[in-house]
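So that you can see what the record holds, here are the features copied from Swiss-Prot:
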type	residues	note
SITE	Glu111	site 'Important for acyl-CoA specificity'
ACT_SITE	Cys142	active site, acyl-thioester intermediate
BINDING	Lys163, Ser192, Arg249	substrate binding site
SITE	Ser192	site 'Important for substrate specificity'
ACT_SITE	His235	active site, proton acceptor
ACT_SITE	Glu237	active site
Amino acid sequence: MPIKIPDTLPAFEALQNEGVRVMTETMAIRQDIRPLQIGLLNLMPNKIKTEVQMARLVGASPLQVEFSLVRVGGHKAKNTSEEHLLSFYQTWEEVKHRKFDGFIITGAPIELLEYEDVTYWDEMKQILDWTTTNVHSTLNVCWGAMAAIYHFHGVPKYTLKEKAFGVYRHQNLKPSSVYLNGFSDDFAVPVSRWTEVRRADIEKVPNLEILMESSEMGVCLVHEQACNRLYMFNHVEYDSTSLADEYFRDVHAGVPIKMPHNYFPHNDPEIPPQNRWRSHAHLFFGNWINELYQTTPYDLEDIGEERL
């Protein structure tokens, strides 16, 4: 069954053109089932591109999903029109009374700031605490993952000497994990960040389990079983051209940037890159959504009750 999003959302047409099944409100009502409620807290500047990336992966599930777009209230977006935000987004204040089966918190290009210097950090802390009681499973991505693991466990981030940028081989450290069901032992994942968290700090925290890691780029995915929380520090959701877009943006702006590692064929930026992570991205999101379906309470109001 497909993902339910407004048919006027730009992602609707984009996903239809890719063959991803999407449905309107009218179609969803005909199916007499409870759809999974999944929210997306979109912190990225280009919100439309991120909507498409996440909806593509969530919408590939055979389960019916109602996808809600959420934004922080105390921050004015510079790269997305106010009309788009008013049409398709709700602030967290407007949805905090709700319960969600799943909730995704994206990255944001603010990783070089101290957390406490982020303009919406106070609201971010409230949102993270809220996910403990109002969300069955939270998927935190890149900066969102670093912020969450710092907020809940004090795990620090470290600034890198140069940007971690490219497509790197990663290892499956826990083949028996439900989130890695069907994964190869070794697979490619896009990386784009100026900071990192370190294994030594994570290992100090009980109940945090490292599921994916790169010998070059370090920790990629951490699972916290007690609250069904996932920390994904890299970008399995990226489009084929996402790293190229970032590279050419910086080149044209005169910002020093190395060519992304293991990305352009023959290291030639004139040759379109090949996507070598798409299948594992779909597998990861499919496993996450399947685990939601298997373990979430049927009654939404029961979500989080055991954590109170």
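We number each residue from 1, going along the chain as drawn.
Note: Cβ is positioned from N, Cα and C throughout, glycine not excepted.
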Neighbours of Ser192 (substrate binding site) among recorded positions Glu111, Cys142, His235, Glu237 (C-alpha cutoff 10 angstroms), in sequence order, are Cys142, His235
Expressed in Å to no decimal places, the gap between the Cα atoms of Arg249 (substrate binding site) and Glu237 (active site) is 19
Ser192 (substrate binding site) falls, by DSSP collapsed to helix, strand or coil, into strand
Not counting Lys163, Ser192, Arg249, residues with a CB within 8 A of the CB centroid of the substrate site are Phe165, Leu243, Glu246, Tyr247, Asp250, Ile257, Pro260
Cα-Cα, His235 (active site, proton acceptor) versus the residue listed as 'active site, acyl-thioester intermediate', nearest Å, comes out at 7
The recorded positions listed are Cys142, Lys163, Glu237; by CA-CA distance, the one closest to Glu111 (site 'Important for acyl-CoA specificity') is Cys142
For the residue listed as 'active site, acyl-thioester intermediate', the same-chain residues 6+ apart in sequence with C-beta under 8 angstroms from its C-beta are Thr106, Gly107, Ala108, Glu111, Ser192, Arg193, Met232, Phe233, Asn234, His235
Ser192 (substrate binding site) has its Cβ surrounded, within 10 angstroms, by a count of other Cβ atoms equal to 20
By a three-class reduction of DSSP, Arg249 (substrate binding site) is assigned helix
If you tally other C-beta atoms within 10 angstroms for each of the recorded positions Glu111, Glu237, the top scorer is Glu237
The correct three-state DSSP answer for the residue listed as 'active site, acyl-thioester intermediate' is coil
DSSP output for Lys163 (substrate binding site) maps to strand
Sequence-ordered list of residues in the chain of Lys163 (substrate binding site) that lie 6 or more positions away and have a Cβ within less than 8 Å of its Cβ, or none, is Ser192, Arg193, Trp194, Ile257, Lys258
The sparsest Cβ environment within 10 Å, among the recorded positions His235, Arg249, is found at Arg249
